[in-house]
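As given in TrEMBL:
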type	residues	note
BINDING	His238, His282	heme binding site
DISULFID	Cys40-Cys233	disulfide bond
DISULFID	Cys151-Cys156	disulfide bond
DISULFID	Cys190-Cys202	disulfide bond
DISULFID	Cys350-Cys392	disulfide bond
REPEAT	89-141	repeat 'Hemopexin'
REPEAT	142-187	repeat 'Hemopexin'
REPEAT	188-233	repeat 'Hemopexin'
REPEAT	249-293	repeat 'Hemopexin'
REPEAT	294-341	repeat 'Hemopexin'
SIGNAL	1-19	signal peptide
Amino acid sequence: MELITRTLLLGLALSLTNAAPAHQDEPAPEDGDAALPDRCEGIEFDAITLDESGKNPFFFKEGHLWNGFYGPAKPSTMFFKELDEHHHLGHVDAAFRMHNPEKQDAHDHIFLFLDDHVFSYYNHTLETGYPKTIQEDFPGVPTHLDAAVECPQGECITDSVLFFKGQDVYVYDIVTKTVKTKTWPHLPLCTSAFRWAEHYYCFHGHNFTRFNPVSGEVSGTYPKDARNYFMKCENFGHGGDHKAPKCSEVKLDAITTDDRGRIYLFTGLNYMRVDNRRNGLHAFPITRGWKEVTNGVDAVFSYTNKMYLIKDDQVYIYKTDAHYVLIEGYPKSLREELGIEGTVDAAFLCPNEHTVHILQGHMIRDVDLTATPRVINREIPLPLPDIDAGLCGPDGIKVFKGSQYYLYESPMILATSRIAPVPRNITSGMIGCED
């Protein structure tokens with residue numbers, strides 16, 4: 001299959017959000033104003049958090065903030081007026097956006113920390129009863145914090161908040177309200193922390209270091225200058241002039257939905273993940289999520305909190321806990337794992353079912369994932385051969401072929417239909433290409 005380039009894939013991601021990053025996974029731009037603090041001078045941020053919509057970040061510096069990756073600094077009190085009314089401190093120690101869908105009275109609220117107090121905002125309005133002492137809202141979390149960042153379940157073990165003070169990290173479980181303390185001496189002293197596109201950044205001075213939110217591990221070459229990624233400055237940056245590709249140029253290698261409803265799209269050596277319309281698409285190398293899979297994928301499907309990645313005649317199975325971990329003993333051959341010979345064009349599994357449908361050339365081969373050993377239990381001629389990718393969801397089955405897809409009501413209709421439905425074009429509303 002023809003492979004889309006990394007630039008093409010990144011273009012897909014950049015077209016979905018006005019707050020898209022200037023570099024592959026680390027953001028973009030702004031205007032200067034001599035009367036206000038200037039990010040391009042290499043300042044150190046006091047705190048960073050996403051707004052309650054999850055689309056734009058706030059960067060705090062003393063009595064000012066930047067709303068988004070674009071634009072000049074503005075007084076913090078334009079957005080959070082009670083900060084000045086209550087404390088007259090002109091600064092924020094730490095900030096984060098609450099992630100707790102089970103508790104709607106706090107979900108998507110912004111929490112700002114000043115000395116020994118915390119402020120909770122929604123719609124830029126201070127919630128009744130605030131400010132409170134930090135101990136009232138977050139027992140076990142110290143005062144005079146350096147930084148804070150939310151960490152949703154799936155990226156951390158549970159829905160959590162990471163609070164930084166010195167080299168200690170206080171992992172606060174939102175549900176149980178318990179705290180575990182870790183020490184990460186290998187990280188710089190974080191003056192602010194930020195979660196963007198599923199990745200975590202410790203800001204220190206005008207630099208940042210990306211870290212694993214569970215282990216604190218740093219992989220890659222860091223620190224990096226924030227002016228190259230999180231804003232646009234003269235003589236800085238890696239070029240954010242990416243253009244979304246035309247939808248007629250798009251071609252997927254594989255697509256799947258995990259147990260949390262997140263959609264993964266694979267093409268070439270890269271993938272994108274869609275959480276929802278709020279967070280949009282972001283392009284990353286496949287090896288960032290599944291480091292053992294170095295040559296792209298042919299097909300992918302998800303089953304019982306595991307993700308199966310198929311390449312050539314090999315199957316890689318990953319646990320989908322906080323981070324993808326290859327199960328010991330894998331990869332295994334297709335024959336050993338699924339009773340399949342040859343290579344695979346596409347695969348899909350419908351919600352709450354146990355049969356994976358494997359598409360190979362002119363055939364659909366069904367495998368019962370509850371059987372041991374796994375063997376093909378049905379083979380049916382495929383009326384539409386050489387499919388690139390397949391996805392089963394509430395609206396039926398989409399099978400992708402080039403820049404088009406075909407929608408079928410069920411696997412049975414796909415297998416027995418002798419006339420293909422009218423093809424539909426991949427659109428900008430699906431994956432952010434240019435119609």
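Heads up, residue numbers simply count up from 1 along the chain you see.
The backbone N, Cα and C atoms fix where each Cβ goes, glycine too.
Note that the coordinates shown come from a computational prediction; the quantities given were computed from them, not determined experimentally.
Taking every protein chain shown into account, Cys40, Cys156, Cys190, Cys350 are the disulfide-bonded residues, and of these the Cβ with the most other Cβ atoms within 10 Å belongs to Cys190. The highest number of surrounding Cβ atoms within 10 Å, among the disulfide-bonded residues Cys151, Cys202, Cys233, Cys392, is found at Cys202.
Inclusion criterion for the disulfide-bonded residues Cys40, Cys190, Cys233: a C-alpha placed within 10 angstroms of the C-alpha of Cys151 (disulfide bond); this criterion is met by none of them. Nearest in space to Cys392 (disulfide bond), taking C-alpha to C-alpha distance over the disulfide-bonded residues Cys156, Cys190, Cys202, Cys233, is Cys156. If you take every residue in the repeat 'Hemopexin' (142-187) and average the pLDDT, you get 95. Reported as a whole number, the C-alpha separation between Cys202 (disulfide bond) and Cys233 (disulfide bond) equals 20 Å. The two recorded residues, Cys190 (disulfide bond) and Cys156 (disulfide bond), show a Cα separation of 19 Å.
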